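Participant: Input: one structure, supplied below.
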Amino acid sequence: MWTPRAPPPRPALLFLLLLLLRVTHGLFPDEPPPLSVAPRDYLSHYPVFVGSGPGRLTPAEGAEDLNIQRVLRVNRTLFIGDRDNLYQVELEPSTSTELRYQRKLTWRSNPSDIDVCRMKGKQEGECRNFVKVLLLRDESTLFVCGSNAFNPICANYSMDTLQLLGDNISGMARCPYDPKHANVALFSDGMLFTATVTDFLAIDAVIYRSLGDRPTLRTVKHDSKWFKEPYFVHAVEWGSHVYFFFREIAMEFNYLEKVVVSRVARVCKNDVGGSPRVLEKQWTSFLKARLNCSVPGDSHFYFNVLQAVTGVVSLGGRPVILAVFSTPSNSIPGSAVCAFDMNQVAAVFEGRFREQKSPESIWTPVPEDQVPRPRPGCCAAPGMQYNASNALPDEILNFVKTHPLMDEAVPSLGHSPWIVRTLIRHQLTRVAVDVGAGPWGNQTIVFLGSEVGTVLKFLVKPNASVSGTTGPSIFLEEFETYRPDRCGRSSSAGEWGQRLLSLELDAASGGLLAAFPRCVVRVPVARCQLYSGCMKNCIGSQDPYCGWAPDGSCIFLRPGTSATFEQDVSGASTSGLGDCTGLLRASLSDDRAGLVSVNLLVTSSVAAFVVGAVVSGFSVGWFVGLRERRELARRKDKEAILAHGGSEAVLSVSRLGERRGTGTGGRGGAGGGPGGPPEALLAPLMQNGWTKAALLHGGPHDLDSGLLPTPEQTPLPQKRLPTTHPHAHALGPRAWDHSHALLSASASTSLLLLAHTRAPEQPPVPTESGPESRLCAPRSCRASHPGDFPLTPHASPDRRRVVSAPTGPLDSSSVGDDLPGPWSPPATSSLRRPGPHGPPTAALRRTHTFNSGEARPGGHRPRRHAPADSTHLLPCGTGERTAPPVP
């Protein structure tokens, strides 16, 4: 019998949850909240550019929304590259909340280029001229490239007047075709270095050098060892090389499917290409290495997706770049900031190479004795063994062509990230750094921008004496930069309109320039006025831009200020400064714009999994138990039906019929006890082919017990013995087999219409049949004339019907001859007719199951021979066949 399983003890489940919580807490240490959060109402005070011109407070009526692509700051002037337009905006301090352009250049695609673009299947909004390259070529010239309806074009413009200088030139390999594609570009020594795609389908990625006095060079075309779906992020010039930062699919991890890694590649400025045989008009100095930004441990946790890179800055006397990395979109959300020393970057390019000997093999380091000399990737120059790169031996050029990847990765300073943030909603994608913050210019502030314009401000303290490690970074402030009232609401602009394009520091004005597709917002780097009136809040903010003045105000401190102030960026105790009503940290840190720690995310996921597993276990157990309970109840019902009638194990049909006639229903009385009426008890016993409705809907005494199966009616099968005796009355015990043969022969030539009529019930009358005595069947089951026999129910194909064979003499008094027979056998019938005074040849003997009923009243007269009921031997159909009586 099924018994429900006991639920697991609750203390064990709680202990498991607490253990998992502690493990996740150890894996993802909780991150401190910001010391302050700027109120959102301060956004309305930030100046914003939305395309307004001189003398206009708002853009002209009917003007399109901006679609900004590039922003370039040159001294106190900001150039904004838009769709079909180029704006010049002055950044002089102003009390106005509106930034207006002083000059505007309209640069649209010509109709023929638009028509060709539309013919290529592009949308009308894509067939425009999007400014994708915006550079300062010299002190007075701007170099601008636009997508020009998927036919890139470049031109030079005067920086002061925005007038065209010279003719337009092709933008192929200088500017992407699609405005959604990433690209980088810079000028170095009068030469343009670009990283983009060179075709309409964006398949051929390239690092390209053009303009200047040196030949144009490019990377090897369609070689996955050089590039595999790169996404270019930034480019910097340092020493005799130009460094390109990008991310791509790593070919060295091709056995792990698509793994994105961050790279840095470099080329020599003075490279002139290879020989006519190898690498002609292609880079001979191109090498690339992996950038390693990971959390150390037994198994490093990598931040592989490069998002943004700063220029080369000096930190502690070292040339350093800061880069923002994030996790892949299908991983735990998180971002990190790592710093890289350019000297270490250069050292990696002097290390070992990595190679793949066959397409199926893994990548392995190249032994040093197999590296040719001079070293591949070096910058050939006058005074060296080879004066130019095109003079290098083919062995070196071939090695460079097939071995562009370095074996070692570039380590980050301190071998760990300087800043790690785990965000649930938006990753960090932009970075700006101020290495001269504070009144003495000796503090480093890092601004990190998220995808939707939220900026996080950190104070970092590099320690140059200990391998470039940094102490714990201090999360100073969190503030918003996107103005929905001017740049568009999130519902209308969507994620695209709120995407942060660039974040640039304007140290002269003490602000940040945050560019979005529809606007540019200038945000102050600090909000010191929030702490005015409370010395503890001002000093406790640890903000290098803020100081406490003697007049009781918190003021903004510019580099080199001569004002008197108090400041403590080391985070010393402020307990002696008294308390302030409404401490800012407590009042403003509650709302963190949806930034959720990974601790909560992982803990919730684990808890949901455990609870779901427990609930699922209980549910499965309950359903299994329910099925067992139903099966047990079904067995009990069957036993109750079979055991109906008290202590008797089985009720025969005749006994049940007698109880019906007498009105006793067993334990419960006449159909009123627990057993219910006999019809209800007998209905479940009916098998396929028996009409239960006819049984249950009959009259109170219409139950024919002869129609129901009983154990007496289904004896074991009897073996039939062959016989050839022509006289049935002399066969004795073998008459059954002989009658079966006769019935089979008759059934093939005759069709008998069965007629079954019911007669009123009469009391049973004893009758004599030779030496035996029995009770005749009721009228409903007796033959009214020699051709009528009891009707038997239609048999199911699965039902086995066996009746007892006749063994005694035939009772001639049981059949009347007053009615004519409906069927006469042929004269050749093998059944003999009895003489006027002869006895019957056989007696129809019924089992006691057929004796429940009443006999037909009247005298007993000699009758013709009647065969036994052998209908079970005939085939089933719409009507059953019965052996005819002997005339």
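Each residue, glycine too, has its Cβ placed from N, Cα and C.
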Participant: For CYS145, what is the disulfide-bonded cysteine listed in Swiss-Prot, choosing from CYS127, CYS154?
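Facilitator: Among CYS127, CYS154, the record in Swiss-Prot lists CYS154 as the disulfide partner of CYS145.
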Participant: Based on the record in Swiss-Prot, give the one of CYS379, CYS487, CYS554, CYS580 in a disulfide bond with CYS519.
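Facilitator: Cross-referencing Swiss-Prot, the cysteine bonded to CYS519 turns out to be CYS487.
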Participant: Choose one of CYS528, CYS580: the cysteine that Swiss-Prot connects to CYS546 by a disulfide bond.
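Facilitator: Matching partner in the record: CYS528.
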Participant: Within 10 Å of each Cβ, count the other Cβ atoms and name the one among the glycosylation sites ASN156, ASN292 with the highest count.
Facilitator: ASN292
Participant: Using Cα coordinates, what distance in whole Å links ASN75 (N-linked glycosylation site) and ASN156 (N-linked glycosylation site)?
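Facilitator: Between the alpha carbons of ASN75 (N-linked glycosylation site) and ASN156 (N-linked glycosylation site) there are 19 Å.
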Participant: On the three-state reduction of DSSP, what should I expect for ASN168 (N-linked glycosylation site)?
Facilitator: strand
Participant: List the Cα distance (Å, whole number) between ASN156 (N-linked glycosylation site) and ASN168 (N-linked glycosylation site).
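Facilitator: Between the Cα atoms of ASN156 (N-linked glycosylation site) and ASN168 (N-linked glycosylation site), the distance comes to 8 Å.
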Participant: Near ASN387 (N-linked glycosylation site), which of the glycosylation sites ASN168, ASN292, ASN442 can be found within 10 Å, Cα to Cα?
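Facilitator: Correct set: empty; none qualify.
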Participant: Does DSSP give ASN387 (N-linked glycosylation site) helix, strand or coil?
Facilitator: coil
Participant: State the mean pLDDT for the topological domain 'Extracellular' (27-605).
Facilitator: 89
Participant: Using Cβ-Cβ distances, find the residues under 8 Å from ASN168 (N-linked glycosylation site) that belong to the same chain and are at least 6 apart in sequence, listing them in sequence order.
Facilitator: ILE153, CYS154, ALA155
